[in-house]
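Here the structure comes first, spelled out in C-alpha cells, and everything after it is commentary.
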Amino acid sequence: MTLFIEQLINGLQLGTMLFLMASGLTLVFGVMGLINLAHGSFYMVGAYATALVTAATGSFFVGLVAGIAVAAAVGALVELIVIRRLYHRPHLDQVLATFALILIFSEGTRWVFGSSPLWLNPPAMLSGSVTLPGGLRYPIYRLVIIAVGVAVAVGMYFLITRTRLGMRIRAGESDREMIGALGVNIARLYTLVFAMGAALAGLAGAMVGALQSVQVGMGEPVLILAFVVIVIGGIGSIKGALYGAILVGVVDTLGRVFLPAFFRQFMSPSEAAGVGSAIAAMLIYIMMAAILAFKPKGLFAANE
Amino acid sequence: MSDTVLELIDLNKRFGALQATRDVSLNLYPGEIHALIGPNGAGKSTLIGQIAGSLKPDSGRIVLAGQEITSLSVAQRARLGLGRSFQVSSLAEPLSVKRNVMIAVQALQGHSFRFWKPVQRDESLLVPALEALERMALTHRADTQVAELSHGERRQVEVACALALKPRVLLLDEPMAGLGPEGTAHLTELLEALKHEVPILLIEHDMDAVFRLADRISVLVAGGVIAQGDSAAIRANPQVREAYLGEATC
Amino acid sequence: MNKSNTSTLAPQPGLPTPAASWYDRKGLVQIGLLAFLLLAPLALYFLGHIYYVNLASRITLIAMAAVGLNLAIGYGGMVSFGHAAYFGLGGYVAGISAYHAFDFTPVIGWPIAIPGSDSMLVIWLAAILLCGLLALAIGAISLRTTGVYFIMITLAFAQMMYYFANSWPTYGGEDGLPIFLRNGLPWVDTNDALTFFLICFGGLVLSLALTSRIMKSRFGAALTMARLNDTRLATAGISPYPIRLVAFVISAMITGLAGALYADLNGFVSPTMLSWHMSGELMVIVILGGVGRLYGPLAGALLFVMMETLLGGMTEYWQLFLGLVLLFVVLFAKHGVMGWLAGRERHE
C-alpha cells in the first residue's frame, strides 16, 4: 500500500512537470496555431543555465531564476528570428523548421559544453525526506516539485481568467483577426506568450535537472510525452493539459512499477519483467489511441 | 406524394440555445425549381448542411427518391444522386477545369481503387466531363487552371461538377452571389433549361432571379418556414413582406 | 471537342501534362540523378572503393524510404511524423527472421510454427505485409484526425514501437540485433557490395515507377483531390477516408521494404531505426528534395548523405549545419532541390 501511494506521488510529480511543458506547448498552439518541436530545447536551455549559474554562485535559487530568465530570453529571441515567420505556414513547415531548431540547439550545446552531463543538485535545505501521514518517507524535493507545478497551474488559471493579458490570450484563441481589430499589438503578444511558454519549459528543465542529469537531448523524451498529453487533453486547452498531464504521469509511473508484478502472477519472473516493461512502455500510447478512438479531438477540445 | 424527389420532414437542429432549424418540411417535385429564401441568419446554411450531410439534424427525416438518407455521409448522399454547389467555391484551384469535373465522373462510375490505367487518356472519364462542361457553355475553358477563372466561371464549373454526377436533385447554394448582371442572366438561362432534367433546390439572395426562376418559393425566418407558394403568392404574403421583403424592397 | 495537347494546366504532382517527356528540363534532371546514382558506384566499384558503393546503397535505401513517405506527405497531404515505425519494422523483420534462421528456432511456435528465413524474398514479402498491417491499424485511428493531431498521433505511435523494441529483451532491447550473415537470394551473391547495391537500386526504381503510375491512375486522381480539397471529393461521392488509408498503407509498405534492405546493408537493426529522429530525417529528406516531386526524395537523400559524409568528416557537430540548411530551405527555398534544378512544379 505504501508502495502504491509512493508511486502515486511519483506519478503526480511527473504529471506536474509534464504540465509545465504541455501548458506552454498548448498555449502556443491555441493562440498562434503553431506546433513547436523545439519546446524541448527550452527545457534543456533552462537546465543548463541553472546548472551553470548554480555552480558559479553556489545558490540553487539564483540559478533557478537565471535558468527561467535565460529560457524566456532564448524563447523570445527564437520567436523574433524564426518562429514568427512560421505562423501562416502549413504545419509541415512548422514541424521541419522547429526540428531544425532542435538540431541547432542540441548540437550547438554539445559543441560548447561537450557530451558529458553537468551536475545539478537540489539545495541542501530541500534535500532529505519527510514522513507523510501513514508512515511513508518521501523526498522533500519531489514534494516541492509538485507544489511548484500546482502553484503554476493556479497562477495560469488566474492569469488566463483574471488579467488583461489573459483576456487577450483568450481573444487570440477564439479569433485571431479580432484581437488585431481591438488594437492589441499582436506581434508583441505572440512574443510574450512564446517566451512565457519557454520560461515554463525552462523551469521544468531546471527542476528535473536537479533530480536527473543535465545533458544534451534531455528535452526530447519529455517533449514527446508532452505531445501525448496535449493530444489527450485537446490541443489548445490548458485545462486539458492539466488533466492530460496528471493522467499520463500517473498511468506511466504506475504501469512501469505494477505491470511487471502483474505478469509475474502467471509468468516466469524474467519473462514477466520483459513483457511487463514492454507493455508498460507502450501504455500511455495505448491509452492515447483508446481516447482518440472515441474523442478524435481529445478530452477537452478547445474549439468545439 | 410518390413523385417527390427530395423530401424534408420536420427537421430540427439546435446549437445550444439557438434553434437554427425549426420543424422544416419541404419537398421538391420533378421538373421544378424550388427556391429557399430568407434574411441573413434565418438558418439557410444550417439547413443546407443537413440536406448535404455535413450536419446531422436533431430530429426529422430526409428522403431522397424514396430512400431515407438522414444518417448517410456526404459521399453516400452524393452517390445516391444529390449534386450540390457551394456558396464559397470549393474547386481544386491548382487543377484544370477538366480535372475538377472528371473526378465527379470517376465517382459516378465508382472505380476509384484502380491503380494502373492513367486517367490522362481515359476517354470514359474525359467524354462525360466535357459533355457536362458543354452544358454550362465552358468547353473552351476545359484546360484552364481553376485559379485563372473568373468568379462567374467558377460558379458554372461547380454546377458542371454537380451535373457530371448525373444527379437526381441539384442543391445550389447562392449560385448568383458575386455575379454581375450579365453573369446572372446567363446562369438564369442555363438553370431554366436545366430544371426539366434535374429538379433544383435553389438557395438564393438575388430576388429578381428567384422570382423569375422559381416555380415555388419557401421563406425561412428564424429557422422555420413561414410561407410557401408561387412567386405571386409570396410577393403578396403580408407576413413575408413584414419579415423579409419589407427591408429589401422599400 | 477539345483534345489538343496545348494545355495551360500547370503541372501537378501525379498529374503531369501530356507534353511532359524525358527530354525537357525536368526529365533530364530526373534521368541525370538516376544515372549518377547508378554509374558513380559502378565506376567506384571497379576502382576498388567498396566504401562508396555501400554509401550509394545507403543513399538509395534512404531515398526509397523517403519515396514511401513522399506518397503520404507530398501526394496525399498526410504529414506522417512516424514513418520510422515502418522503416524500423521492416528492419526488425529482416533481423528477427535471420536470427531464428541462424538458430533454427521458430519465430512463432504457437498456434502455428513459423520458422525463420534467411531468404530475402521471404523477408521482403513479410516486411511488406506486416508494415501494411501496422499502417492499416495506425492509419485507421490516425486518419480520423487531421492537422496537428495527425502529426502528433503518428509520432506517438512510432514512439510506441520504439519503446516496445527498446524494452523487449528477446531481440536485443536497446542494444539492437545483429544480422551475422546477410540474407540471401537465389543465384546471386548478396554479400557482394555491387550486387547488393543493384538490388537496392532496383527497389528504388520500382518504387519510383509504382508511385508515378499510381498517381496517374484514378486512385491518384482521387488522392490528389483528397489533398487539395476533400470537400470536393466527398461532394462528388468519393469518401476521402478509404482513399487516404490505402495511400497511407502503400506508403508504409514502400518504406518498410526499404527498412528491410537497410538492416541487411548494415548487418544490424536497433531501436534507432524506429526513433523519432529517423522519422524526422525522412521528412527532412522529402523537404530538402521538394515535397510532392517524384524524384524529390532521391535528390534529398543525395544531398543529405553527402552533407553527412562531407561535413561529418570535418566536424562531429555536422547536424548543427544540417539544421541551418534545413531552416534556410523551409523558410526561404520552399521548393527544395528539385524546384531549384528542375523548375517549379506545383502552384499553391
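Glycine residues also receive a Cβ, built from the backbone N, Cα and C atoms like all the rest.
Sequence annotations record features per position, and here TrEMBL assigns transmembrane segment to A:12-38, A:58-83, A:95-120, A:140-160, A:189-211, A:223-251, A:272-294.
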Most Cβ pairs under 8 Å with the transmembrane segment (A:95-120), selected from A:12-38, A:58-83, A:189-211, A:223-251, A:272-294: A:12-38
Most Cβ pairs under 8 Å with the transmembrane segment (A:58-83), selected from A:12-38, A:189-211, A:223-251: A:189-211
Top partner of the transmembrane segment (A:223-251) among A:12-38, A:189-211, A:272-294 - counted as Cβ pairs under 8 Å: A:12-38
Beyond the flanks of the transmembrane segment (A:12-38) by 6 or more, those residues with Cβ under 8 Å of it: 78, 83, 86-87, 91, 94-95, 98-99, 101-102, 105, 142, 145-146, 148-150, 152-153, 156, 169, 172-173, 176, 189-190, 193-194, 196-201, 203-204, 207-208, 222-223, 225-227, 229-230, 233, 235-238, 240-242, 244-250, 252-253, 302
Sequence-remote partners of the transmembrane segment (A:272-294) [C-beta within less than 8 Å, at least six residues beyond its ends]: 225, 228, 231-232, 247-248, 251-252, 255-256, 259-264
